[in-house]
Amino acid sequence: MLTLATTTPGEPEIFASLQGEGASLGRPVAFVRLSRCNLACQWCDTAYTWRFTGDNRPHRDDLAFERTANQLTLEEAEVAARIAALGQDRLVITGGEPLLQGAALAKMLALLPEGMTVEIETNGTVAPHPALDSQVAQYNVSPKLAHSGNPAELALVPERLAAFAADPRAWFKFVIARPEDVTEVLALQQAHAIPGLRIFLMPEGTSSTVINERLRWLAPLALEHGLRLTDRMHIHLYGDTRGT
Ligand SMILES: C[S@@+](CC[C@H](N)C(=O)[O-])C[C@H]1O[C@@H](n2cnc3c(N)ncnc32)[C@H](O)[C@@H]1O
Ligand SMILES: Nc1nc2[nH]cc(C(=O)O)c2c(=O)[nH]1
Ligand code: SF4
Ligand SMILES: [Mg+2]
């Protein structure tokens, strides 16, 4: 069984869109969003996947959260059928933190049509289940920096960062809210010898205004340090809207 987020009650968040971030930005893909997360980023734009009544982890109270659990548990075969029906040959698995459900994901992927290319969006704290890892073409690894509000010992797991740094399938994507966040990125880059062109800086933001403002000062920093810069295209296109 897989526990998924929902776009509306009872409707699993499985949709087709353009990848809005990172190395495959602009590619037509199918998305499946799983529920639950082991972190609690204060600016998480999908807090509805993990912020349930009674979850008292630190979190900005101005962000909406579900007063009732916002998740739906489905058989792997049902999830695979819904993904296949979208007719895309590339799948992005996201969440919440999808690697929390690695074994069930491995089972679901085996039920998909031949030839699907799989990307995983992950916070980089959880070791991929071996049966899942063998089916993954690309990891979009977004380690959380101090400004996320998570304790560093939870958000930055050295052996996981080292493993992804050594894996050519893995791209790093750091959310940046302040220039000093880039200093943290450079320290992690040095600690794990991550090539600059496998590091994306991405503005924190869920509106075009905020994203555009941050892109303007991020661009010279990316240029200066030999790092890549990514937009959040779906936010410009659709705003902060579930299922897009
Ligand atoms: C919602 S997360 C789900 C996957 C995984 N939990 C992770 O954090 O990578 C998907 C992506 O959105 C990014 N993200 C979440 N909230 C954001 C925000 N307010 N601004 C910019 N990026 C954000 C995350 O860093 C991650 O790259
Ligand atoms: N279009 C679109 N692109 C995305 N790239 C990463 C996303 C995510 O929430 O993991 C995402 C998303 O939610 N929508
Ligand atoms: S790790 Fe990802 S899903 Fe979890 S709180 Fe942070 S941004 Fe949200
Ligand atoms: Mg998103």
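For all residues, glycine too, the Cβ spot is worked out from N, Cα and C.
Around the Cβ of GLY20 (substrate binding site), the number of neighbouring Cβ atoms within 10 Å comes to 22. The substrate binding site feature in TrEMBL is assigned to LEU18, GLN19, GLY20, ARG33, THR94.
Here TrEMBL flags 24-228 as domain 'Radical SAM core'.
If you look up TrEMBL, you'll see CYS37, CYS41, CYS44 marked as [4Fe-4S] cluster binding site. In the three-state DSSP scheme, CYS44 ([4Fe-4S] cluster binding site) is classed as coil.
For PRO143 (S-adenosyl-L-methionine binding site), the Cβ neighbour count at a 10 Å cut-off comes to 23, with all displayed protein chains included. Under the three-state DSSP scheme, PRO143 (S-adenosyl-L-methionine binding site) falls in the coil class. Among the features that TrEMBL reports, S-adenosyl-L-methionine binding site is placed at TRP43, CYS44, ASP45, GLY96, SER142, PRO143, LYS144.
All chains included, 19 other C-beta atoms sit within 10 angstroms of the C-beta of THR46 (Mg(2+) binding site). Annotation source TrEMBL lists Mg(2+) binding site at THR46.
Residue pair GLN19 (substrate binding site) / LYS144 (S-adenosyl-L-methionine binding site) shows a Cα separation of 21 Å. On the backbone, the CA of TRP43 (S-adenosyl-L-methionine binding site) and the CA of THR94 (substrate binding site) stand 17 Å apart. For GLY96 (S-adenosyl-L-methionine binding site), the nearest neighbour among the listed binding-site residues (GLY20, ARG33, CYS37, CYS41, THR46), judged by C-alpha distance, is CYS37. DSSP assigns GLY96 (S-adenosyl-L-methionine binding site) to coil, not to a helix or a strand.
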